[in-house]
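Listed in TrEMBL:
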COMPBIAS  199-214  compositional bias 'Polar residues'
COMPBIAS  439-448  compositional bias 'Acidic residues'
DOMAIN    310-324  domain 'CCHC-type'
REGION    195-214  region 'Disordered'
REGION    266-298  region 'Disordered'
REGION    427-456  region 'Disordered'
Amino acid sequence: MPEAPRMPRPGAKDAPVFDVASEDPRSYFKHLESLLEECKIESDAEKKRHTLRYLPEDVEDQWKYQDHYKAGTYANWKKEILRSYTGKSDEDRGTIHQLRRIMKRFSNISITDAYEYAKMKREAQPVMAQVMENKYATNREITDLIWEVLTRDFAMAIRTRISLRRVEPAGTPITSENRYPYAEVLKIGQHLIDEANDGDTSGRSGRTYSDTSGTSVKIELKESMNDMMKEFMAGLTDVIQTQTRSTHQQFDSVLKALHQSGTQVPNYHQSAQNSSLHVPSHAPSSQNRGWQHSNSTNKPTFTSLEDLLCYFCDQSGHMSRNCPHRLEMVEEGLLIERDGRTLLKDGGPIPRFPVEYSQKQRVEKFYEKLHKQEAERRSVNMMESFSMVGRGVIPVATMPQINRQADPRDIRIAELERLVKAANIQTRSQARRQVQERDNEEEDEFEEQGFRTVQG
C-alpha cells in the first residue's frame, strides 16, 4: 500500500499562503484542506496544527485565541475564524449584507467610468444572483443599491433606455418591483458605457471626432445631450401612458365591483357632455381626472369621477354643476359664470390655496378675509371723517349720513376725540386772550406814567 504524501514545509512552493493584505482566509482554507485531504489527515488536532503552521506569527496568535481552538472541533473553529473576518463566513455569502458591503466601495460612477463600472458589475452581479435565488431581497431593493452608486445622469439614462425598449406582454401590469430588472439595468449600463467610450452607434458612425479638438468634443457632447433629452422625454411619455393605463384599469375594477354589488348609479354621460364645468381648478387627488367607461348598453356610463363626487364642496351625491352650495353662491352674487367657468364676483379665479380645502371653503375664506379688510378700511375712514368734522373741514350736516355707515363704538371714539380737540382749542384761545389783556393793561399804565412826567 503506497504511503500517503506528507504536508509541505512552510515556505515551500506548494505550501498554502495566507494573504494578509486581502484579509480573506477562504482561499487559504481551500488550498489547505485540499492538502489535508490528499495527505489523509483527518483528526481535528492535526488539522488545527497544520492550519497554524503556514500562518504569519501575528495571525497565528490571533487564530489560537479564537473560540473552539482548544476544546471545539476543527469545523467550528474554522467557522469562528471566518466570522471574525467580516463578510467572509459561509453564512454571510450570498446575502443582502454582503451585497451592501460590496456596493459601499463604489460611488458616483458616471457613464465614462468604464473601469469602475466593470469592477462593480464583476463583484456584485454574482452576489445579486445569489440574493435573488435565496429570496433575501427583492428586485427593487437590488436596483436601489445600483442607483445609489451611479450618478444621477447615468441612472436616468439607464431608466430611459429601459423604458424605450420595454415590450410587456398584454395584460402584464408594470409595478415598482418589476419596472427595472437588475440584470437589465446592469446590461443597459454596460451598453451605454460602451457607446460613450468606444464611439456613438446611434447613426452618427460615419462622422469622426478628434480627441485633441476641443470643438469636436463640444459638438459630440452637445449632440449626446440632445439625444439624452429626447430619450428622457420619450421615457417620460411612456411612464405617463403606463400610469394612465394602470389608473384606467383600477377605475374599471371599481366600476365592475359597483355593478356586481348591484349598486344603482345614475347615467350622467349625456349631462356631462353638455356641461363645461367638469374641469377643476385643482386636482389634489384622482377624483378630478376624467375617463369614459362603458361595458355594455345596459350599464351606466360615466364620463368622470365628478359623477360620483362633487369637487366644489367635496360631498357625494351630486355633481359640481348641480351643487346646491355653488348655485346658492351664484344667486347671492358671490360667484359668476362666464364662458363655462365659475369665477369670483370680480371676475377673478377661485383661489387655489389652501389645497386641502374644497373650492367652497376657499371661496368662503376669501370673502371672510375681504369683509374683514373692508370693515377695517371703513373704520379708518370714519375716524378720519370725524377728525375733519372737528376741524371744520366737513360740514356737520353730512354727519347723519356718516353715522349710518359707522359702527356705534367708532362714533363714540370719534366724538371723544372731537371734544378733546375742542377743549384744547378753547384753552388756547382763553390763554391768548388773557395775555392780550395783560399786555394792554401794561401799555395803558406805561402811557399814564409818561403823561404824568410831562405835566410835572
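Backbone N, Cα and C define each Cβ position, glycine as well.
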Over the domain 'CCHC-type' (310-324) the mean pLDDT stands at 81
DSSP assigns the residues of the compositional bias 'Acidic residues' (439-448) as 10 helix, 0 strand, 0 coil
Its residues classified by DSSP, the domain 'CCHC-type' (310-324) shows 4 helix, 1 strand, 10 coil
